[in-house]
Amino acid sequence: MSRSRQPPLVTGISPNEGIPWTKVTIRGENLGTGPTDLIGLTICGHNCLLTAEWMSASKIVCRVGQAKNDKGDIIVTTKSGGKGTSTVSFKLLKPEKIGILDQSAVWVDEMNYYDMRTDRNKGIPPLSLRPANPLGIEIEKCKLPQKNLEVLFHGMSADFTSENFSAAWYLIENHSTTSFEQLKMAVTNLKRQANKKSEGSLAYVKGGLSTFFEAQDALSAIHQKLEADGTEKVEGSMTQKLENVLNRASNTADTLFQEVLGRKDKADSTRNALNVLQRFKFLFNLPLNIKRNIQKGDYDVVINDYEKAKSLFGKTEVQVFKKYYAEVEAGIEDLRELLLKKLLETPSTLHDQKRYIRYLSDLHAPGDPAWQCIGAQHKWTLKLMQDCKEGHMKSLKGHPGPHSPMLDLDNDVRPSVLGHLSQTASLKRGSSFQSGRDDTWRYKTPHRVAFVEKLTKLVLSQLPNFWKLWISYVNGSLFSETAEKSGQSERSKNVRQRQNDFKKMIQEVMHSLVKLIRGALLPLSLREGDGRQYGGWEVQAELSGQWLAHVIQTIRLTYESLTALEIPNDMLQIIQDLILDLRIRCIMVTLQHTAEEIKRLAEKEDWVVDNEGLTSLPCQFEQSIVHSLQSLKGVVDCKPGEASVFQQPKTQEEVCQLCINIMQVFIYCLEQLSTKPDADIDTTHLSVDVSSPDLFGSIHEDFSLTSEQRLLIVLSNCCYLERHTFLNIAEHFEKHNFQGIEKITQVSMASLKELDQRLFENYIELKADPIVGSLEPGIYAGYFDWKDCLPPAGVRNYLKEALVNIIAVHAEVFTISKELVPRVLARVVEAVSEELSRLMQCVSSFSRNGALQARLEICALRDTVAIYLTSESRSSFKQALEALPQLASGADKKSLEELLNKFKSSMHLQLTCFQAASPAVMKT
């Protein structure tokens, strides 16, 4: 047997020495978890468990027993830790012997305590009693260890009445500190006592000497007289003479007392006749007495009288006796019928059932009343279960709302499962996103849940007594000893024949219990023929996952209670199958309800953005799933004997699909939020990162979210979901032993990425298209012609406007989420560079000034957004530059450089946002 605790260790005992029955306190570690855990305690090899009092895991109080060893360890043994060890020992001292005349606070067993050869005082004068202090001086007990004295005087004793008396040991033990002068006085006292004793004994003998002589003379005279009479030959020997005398005396006595002896014989015969009449009186009065005792319920008296009458008159041939005995048998037959009727009455306690069966057994009732009782109890249990269902259905029709069930069973054989309601894992659903409807579910029990509670309570109130009745029937304890001996072989045969019948009874009760619960909670799992008998509930709404988890806990407790009765597991397997189906159903319902809750999360989006550009929506989504999984922990975890809910591939697939559906529902919520009309958005509590620089002024409280800002917020949430939330949820699924996690993650990630890309493209389209569309009109504003233009004086306004628009996009994105800036600006720059490249390639020819102007503007744009360039945008800029003629002279190059520096200097403040460090990898 495996133990969960360390072995006991005794580290101290107080006191550490003493005589037997000394009260000691034992201290140590791991001395047991309670009084029932302590199963052994020995001190010096003696078992002291009977006197042990467990105080705590580190303290035990007990009394030392009559140990054989003088010194030994203190060994504590517990169920949880086994046999322990000791670092200390106890020394057992020999108790001082209490003298015959000494006062004592306890009773002394003198038969075992004193040596009767030396301590007896019957028939001898008081002077012969040995004094407690023979030396006559004060006794001072020695403090030397007893063990040392025993080693020093091996085989000797300090008891002066012992044959091995040692005077030296006696003096050391009682007079170790006595002075020499006192010892001299002690010798004088000892001599004086010896002389007094001798004188007293001699005087006693002298006083009774004359009595001894008189007795001797009388005995001698009797002996001589007998010898003289025996030698005479008068009428034979002395014995013959004595015989004749005795015979004459006898004859004379007969003559004298003949009349008296006659009267004695007559009195004896009269007495015998009266005794016989008294014996018959018992039989004559017995029928009336039987009726009276039956009315009073004194069945034991009736049975005893019947057994007595049966033994006296059962085989009589006297007609009068036969008549009265027949009346007795008729009364007993009525009693048998009455007892059988009471036995089969329901409800009845197990005690009464056993009592009636024993009475019927003593009365040798025909048939097998015990088996009849078992059958009646079985039918009664089935009827109660069906009545329970019908009663709740009537109550449901009369009161369709939830109610508090009235469990009217008096004897509850298990703790009420309502106490476990607050302990089921599902009840931790107190998050902020739950509505008030969940706050009252504890106090309103649905009818079907109340029915299951009452049904299981009913079964547990009936089945234990039913099972115990069968066990008593099997082992014969229902019957009296006489009935057991007379019908043992027949009953053994009946038990063997009825084992299968009883097994069918138990299975019928289990099947009825399971089908009634299935009819209430899982009606679709019933067969077509069982629907009317066990189903028929008017289901208005599906039970929530919390209530299903509570029902599972109720049935689990029922299963544990039935297992404790030692009912075979094969009879209870059907309950395990029910628990498995309910666990699967609970998981399905909980996940479906979770999907519905998550669908409503869109209504709770407050658009409050934290420093990372996130709203509370991803956190609420994760909390919702975590709470659902926590509520399912007790359901998913397997109790002893239970199978995993994911053992069937079909169940795995369904649960996996429900989990995927939950993730996709949330993704759909995000999509809804991104396309929600502006009028439906509440932005009164819009918040941004206070540390984010706002290039265009502060965002006020009455600022209204635009569709672009909503897209950015949703995109920011999508990024967080992909990097954190979905991975965390996958870990939670794995922690709770869910299957198909990889598939759930892959499908969810794919859907999320698809939404993210679609929303991103929408945002880029909203922001990049206006900028791209403004390039061509800006380039050719004022009838600008690349072939005929003035020398460049700087970057034209159209490019500055494009940069300002890009800066505005940067500011908008940066305000929501810093991490989205590289991704968004890279795509905007790609679109602008691609359009610029197209426009340059569409120009047929450039003048010298036109080529310089175009190169200036292309380089200015490229250098400004250099940190957001991608391979596509670099390629576009390269193609645009390749479409231009090469600079003709060094003067043009110098002019280009001067103009670029002038542009960067003049727009230094505006271009600062493009100088921040960007992540190395930009997602597009």
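Heads up, the Cβ atoms here are built off N, Cα and C, so glycines get one too.
Note on Swiss-Prot: of 240-260, 303-323, 597-617, 891-911, the range annotated with the feature coiled coil is 240-260.
Over the domain 'IPT/TIG' (8-93), the average per-residue pLDDT in this prediction is 89.
Packing around Lys454 (N6-acetyllysine) is summarised by its Cβ count: 19 other Cβ atoms lie within 10 angstroms of its Cβ, all protein chains included.
In three-state terms derived from DSSP, Lys454 (N6-acetyllysine) belongs to a helical segment.
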